[in-house]
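What Swiss-Prot lists as domain 'ABC transporter' is 26-247. For 58, 59, 60, 61, 62, 63, 64, 65, the entry in Swiss-Prot reads ATP binding site. For 264-291, the entry in Swiss-Prot reads region 'Disordered'. The annotation compositional bias 'Polar residues' is assigned in Swiss-Prot to 281-291.
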């Protein structure tokens, strides 16, 4: 499925950014992938409804990015199929876009020309609409080197959105950003997903991020689905909601291989300031250390 990455240069006709769309259904059946002696994916089955937002989380090396690349067609599964409706997803490649942690902007092209790649004569007008949608409408003539990390990721998101995707795949796109910029980007992604209606599949190592964005979290472990849990919390989601904390604890419990995530102990009365004897100011609860 060439041309799925957000930096693809394959020519296509863009539709107006204001047009609504319907997300693609996604069905993954029996996907297995092996590298040498290592079974990275071992019989993955997933079914994702149109316009759903699903987060895939797991420990490093569990196969989550490999699964996303198989869905995108950048890797070929040894066994199994990836379909959309009654047809292979490969037949819908123009409706699929993939965004990486690295924005992959062309440094010799201005921002607006990076977004307009492959769009033909109407590309600049469509690119301007996409930049407006991600809050960078005035930065079209800037060079990528003049942008912050968060701004470069906004450009990469605009470059994907300008093609009006029906399936948007995000491979840890916010992993290199600072905490506040991550929150801003999370809010932007949710806003655009709700506005445009595409199906969204996000790979992340951040459980809090998964629960902030997704309406379903899938945990991969040892190349298989270990947990599949709904997040029935309406958007917008404020950090610290008890319902989100409960879901995060459930997911973390699975990732840590425990039956229960320890709750922070209630502090005892202190007669002096500072941490208890034997502790340091950096000591935190197990849950906080993971997050």
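Backbone N, Cα and C atoms are what each Cβ position is placed from, and that goes for glycine too.
Here the features listed in Swiss-Prot are painted onto the structure.
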residue: 58; record: ATP binding site; contacts (Cβ under 8 Å, 6+ apart): 64, 205, 219, 220, 221, 226, 255
residue: 59; record: ATP binding site; contacts (Cβ under 8 Å, 6+ apart): 221, 255
residue: 60; record: ATP binding site; contacts (Cβ under 8 Å, 6+ apart): 205
residue: 61; record: ATP binding site; contacts (Cβ under 8 Å, 6+ apart): none
residue: 62; record: ATP binding site; contacts (Cβ under 8 Å, 6+ apart): 220, 221, 222, 223
residue: 63; record: ATP binding site; contacts (Cβ under 8 Å, 6+ apart): 33, 40, 41, 44, 220, 223
residue: 65; record: ATP binding site; contacts (Cβ under 8 Å, 6+ apart): 171, 172, 203
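Mapped onto three states, the DSSP output places residue 60 (ATP binding site) in coil. Apart from 58, 59, 60, 61, 62, 63, 64, 65, the residues listed for ATP, the same chain places the Cβ atoms of 66, 220 within 8 Å of the centroid of those Cβ atoms. According to DSSP, residue 65 (ATP binding site) is assigned to a helical segment.
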